[in-house]
Amino acid sequence: MRVLTGLQPSGDLHIGNYFGAIKPMIEAQNENEMFIFIANYHAMTSSQEGKNLRTNTLKAAAAFLSLGINPQKSIFWLQSDVKEVVELYWILSQFTPMGLLERAHSYKDKIAKGLNASHGLFSYPVLMAADILLFDSQIVPVGKDQIQHVEIARDIALKVNNTWGEIFTLPQAKINEEVAVVVGTDGAKMSKSYKNTIDIFADEKTLKKQISTITTDSTPLEEPKNWQNCKIFSLAKLFLNSEEQEELKKRYEKGAEGYGHFKIFLNEIINAYFKEAKEKYENFLANPQELEFYLEQGANKARKIAKEKMQKIYEKIGL
Ligand code: ADP
Ligand code: TRP
């Protein structure tokens with residue numbers, strides 16, 4: 001299957017992102033033809049501060065590569081390195097009814113949150129359709145909020161195919177139903193908008209601070225504790241095999257340890273789990289040449305496919 005996904009370079013990644021989206025994507029590399037890019041054009045709709053966008057883009061690329069996107073297995077690039085996508089966006093705009101975009105929830109939500117109602121924000125789904133259709137993507141893994149955008153891409157593809165014949169593959173959105181929602185430090189869904197995250201690449205001090213804010217009940221230190229509804233336990237569980245989970249349950253049931261001890265334990269296992277990725281991440285940022293090499297290699301592969309597709313489209317549209 002040809003699987004494509006775009007990732008917004010939007011700040012620090014948290015362990016909810018990791019277990020909910022990144023880990024499944026890394027595992028999927030073994031069975032699929034994966035196309036993964038950093039959606040820096042899309043990020044322009046929420047901020048026009050060039051310096052921030054550049055830093056965030058490189059950080060995101062470093063993060064995904066160090067967490068396990070393998071440039072030998074997947075095609076990984078920066079959206080803005082394959083300009084054909086913007087050209088296709090304009091062509092697709094001719095096939096996009098206003099009403100289709102006017103119905104987009106994401107646009108309405110962003111306006112309600114105070115973003116400027118720019119044409120860029122309004123036409124965001126058309127650029128996303130270009131990302132998807134340029135590469136004949138079959139499966140598009142996305143978060144729930146993006147399903148409608150994949151449906152818009154499908155609608156646009158249908159409209160083009162009706163006019164030109166079967167030129168585009170019809171994409172299908174995929175959300176990872178098996179992965180459970182990761183809870184944040186306050187018990188709600190972990191999300192950067194709730195400021196309840198534990199970040200993957202946090203420095204030691206920040207990680208400790210984030211873990212210290214996990215709320216617990218007030219069972220005294222010496223008494224047995226309930227792991228079933230303890231947020232520290234639900235988070236720790238993500239990093240432990242079943243044997244290790246049983247051991248931790250026993251420590252809860254035994255008493256004699258307080259939540260502070262379990263927080264220290266959680267800190268240790270998170271550190272150990274991401275140790276290697278953190279080292280790679282720091283290394284990529286300190287030596288951007290290696291990072292740039294992978295991005296260029298990815299862009300070259302993506303561009304070749306994009307150019308071939310565009311040739312067919314030029315013939316149809318008369319360019
Ligand atoms: P945030 O809510 O922090 O803004 P995003 O909406 O950018 O996160 O999510 C990016 C991806 O990570 C999506 O695919 C989403 O489903 C996944 N994800 C985010 N938070 C969680 C969570 N708490 N549990 C599981 N998956 C999550
Ligand atoms: N809009 C997506 C998001 O905010 C990112 C994205 C851009 C994307 N282009 C895409 C996702 C193409 C899937 C396919 O998460």
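Every residue, even glycine, has its Cβ placed from backbone N, Cα and C.
Curation does not apply to TrEMBL; its annotations are automatic.
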Per TrEMBL, GLN8, PRO9, SER10, GLY16, ASN17, GLY143, LYS144, ASP145, LYS189, MET190, SER191, LYS192, SER193 bind ATP; matching candidate in VAL179, VAL182: VAL182
ATP site span - longest C-alpha distance across GLN8, PRO9, SER10, GLY16, ASN17, GLY143, LYS144, ASP145, VAL182, LYS189, MET190, SER191, LYS192, SER193, in Å: 21
Listed binding-site residues adjacent to ligand 1, that is, members of ASN17, ASP131, LYS144, VAL182, MET190 whose C-beta is under 6 A away: ASN17, VAL182, MET190
Cβ-Cβ neighbours of GLN8 (ATP binding site) (radius 10 Å): 17
Cα-to-Cα gap, VAL182 (ATP binding site) vs ASP131 (L-tryptophan binding site), nearest whole Å: 29
Where the C-beta lies under 6 angstroms from ligand 2, the matching binding-site residues among GLN8, ASP131, VAL182: GLN8, ASP131
Spatial neighbours, same chain, of LYS144 (ATP binding site) - Cβ under 8 Å, 6+ residues apart: ILE175
